[in-house]
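A.B. asks: Feature annotation from TrEMBL assigns transmembrane segment to A:12-34, A:54-72, A:79-99, A:105-124, A:136-155, A:188-207, A:237-265, A:277-300, A:320-339.
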Amino acid sequence: MSNRVLTILIPIISVLLGLIVGAIVMSVSGFNPIEGYGALIKGAVGDSFYLGETIRQITPYIFAGLAVAFAFRTGLFNIGVEGQLLVGWTASVWVGLAFDLPKIIHLPMAVLAGALAGALWAFIPGILKARLRVHEVIVTIMMNYIALHFVNYLIRYVISDEQNTTERVPESASLKSPLLETLTDYSTLHYGIFLALAGAIVFWVILEKTTSGFELRSVGLNQHASEYAGMNVNRNIVLSMVISGAFAGLAGAMEGLGTFGYGFIHDSFSGVGFDGIAVALLGGNIAIGVVLAAALFGILKQGALIMPLESGVPTELVEIVIAIIIFFVASSYIIAYLLRRFKKGAN
Amino acid sequence: MDIVSAFEILVKSMLFASAPLILTALGGVFSERSGVVNIGLEGLMVIGAFAAVVFNLTFASTFGAATPWVALLAAMGIGGLFSLIHAVASITFRANQVVSGVAINFLAVGLGVFLVKAWYGAGQTAKIPVPMYYTQIPILSDIPVIGPMFFNNYLTSYLAIIVAIIAWFVLFKTPFGLRLRSVGEHPLAADTMGINVFKMRYIAVFISGVLGGLGGGVYAQTISQDFSGGTITGQGFIALAAVIFGKWHPLGAMGAALFFGLAQSLAIIGGSFPLLSDVPNWALLSAPYILTILALAGFIGRADAPKAIGTPYIKGKR
């Protein structure tokens, strides 16, 4: 069986296995899996309102998935998307509140502020990895928590006047779209989805069509060979983390300027950044894969919200399904092995 | 508040805040010393906290005052079993160990909260009927000043320190410990010497599950006293930081966990200390993480991981 077929089959099998395990968990705990999944589908795409909410949910997932995937392609594991997302969220809201400009300048500025903040937050693990060979996994995890506490401090004492939330960003910096809201029966769908899809195209262009993209991928495949070929490995490591962080910051800007329209004190993480790891893995770290995986996770997450009401199944079922999917994608070696055995047996 | 009583509160809260961190960090030391990265410590704590709380709620009438201790055994067992998922993925299935750990964290919260909702009909359990209480150590607690400061606390705080010493002895003074460390440094050489790399790694990950479960159980029965999705928020990652800050050494991890416990207590009551009241709260809350990054960067002594960490062992491959 060729590798190309395997790269498509493994995610599909993993998703199926995840859904099967979810069905077993539902049955064992006394729920009807068909009702449960029926409710999930209805809650995700059942009518235009739910569809709007689902697409809105997919938006940050695309950016978070692109962030993780971009770093992966250079051989780096950015677990810090969650933290970069939070600083991006806060920076975009801050710029949204601090200035009074026409929309054509203000909105791009606020969105870019989110990307810049995320990039800056990811620069630290990047430079530490490049200069001092410090493992980026640990640094990015630690940076997540620093971001959480730092952002909460900013929101309470700097951006707001000791409040738990900031003011709403003005219309001139908002991604909210009355048109899309009306079309989807007043869901919270905003313009961000177009930015996310554009982001996926930018991701593809950078990696596949530019010289630096070639270098970034090359470093991811073999650092020593890249160095021998005259590439600056350290520069590429920093660049990869910075671009990855910018995507993560954009995910935050989508939440700050679109979904919520303000910043607030977080007791714990939003979860979008961690889900981004699952999105990237399932999407095989390529642009189209990330968009498809983000769509699946958006459907699962949004559909889960209606499950308790319709079928009594707790929303956390979806967390279990996602965990199992990640588990099997990560264990792709064993799936590939079994598939090959199976194929051999058939011959 | 005068300085002595402020100091007493500080030491006390350091001891009880750090106990779950110490235990979980020790679990991390075992796993990582054998060459298996364990980002899943957080999830192991979650599942331990879940098991302890459910056990305490269910069997309080059967075991009476002994309930919290039996619940800890349950948490250790469930934590150990749960960690086997990580072991199978990262040792047998050659999964990316970081990814597998992430999956463990997702699964623990998902499964824990799912079952709580299915069994109790709410996202949060009731308070446990028999929590742990402060225990005055006889004689020692009568020492003036130091006595009430150090020897009137949860027994689990002392348990954590004792377990750390045992872990140090096992890892550095027994043949088992030498074997465990050798498969984390150079699995091929260990294999050549007749050590079963897979078996040692399975045992190490299992121990990390037992200790992580214990840490979660201690946290749930001393600090949170109930279980919900928000019970364990980052303690497992602080424990992971302690593993690294403690340079993968059991006593180092213990010291780091005590220090991080202190930082957490300071964040809560630091305002009473004249020097610290000027330090913004976020800096104290972030201290464990900032210090870990500095340690990794070599500013506070170099922290070097076991050599074979993160790489699955494939027999016959050089």
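Heads up, the Cβ atoms here are built off N, Cα and C, so glycines get one too.
TrEMBL labels come from automatic prediction, so no person has curated them.
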A.B. asks: So which of A:54-72, A:79-99, A:105-124, A:237-265 is most in touch with the transmembrane segment (A:188-207), counting Cβ pairs under 8 Å?
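C.D. replies: It is A:54-72 that shares the most Cβ pairs under 8 Å with the transmembrane segment (A:188-207).
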A.B. asks: Restricting to the same chain and to residues at least six past its boundaries, which positions have a Cβ under 8 Å from a Cβ of the transmembrane segment (A:237-265)?
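C.D. replies: Tertiary neighbours of the transmembrane segment (A:237-265) are 56, 59-61, 63-64, 66-68, 70-71, 73-74, 76, 78, 80-81, 84-94, 96, 107, 110-111, 113-123, 125-127, 129-130, 136, 151-152, 155-156, 159, 164-169, 173-176, 188, 190-192, 195-196, 199, 203, 206, 212, 216, 219-220, 272-273, 276.
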A.B. asks: Any chance you could find the range in A:12-34, A:105-124, A:136-155, A:277-300 with the most Cβ pairs under 8 Å to the transmembrane segment (A:79-99)?
C.D. replies: A:105-124
A.B. asks: Does the transmembrane segment (A:277-300) make contact with the transmembrane segment (A:320-339) through 3 or more Cβ pairs under 8 Å, each pair 6 or more apart in sequence?
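C.D. replies: Taking Cβ pairs at least 6 residues apart, the transmembrane segment (A:320-339) and the transmembrane segment (A:277-300) are in contact, with 3 or more under 8 Å.
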A.B. asks: Top stretch among A:105-124, A:136-155, A:320-339 for CB pairs under 8 A with the transmembrane segment (A:12-34)?
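C.D. replies: Out of the listed stretches, A:320-339 contacts the transmembrane segment (A:12-34) most.
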A.B. asks: Sequence-remote contacts (6 or more beyond its ends) of the transmembrane segment (A:105-124), Cβ cut-off under 8 Å?
C.D. replies: 67, 78, 80, 83-85, 87-96, 99, 139-140, 143, 147, 169-170, 172-175, 195, 238, 241-253, 256-257
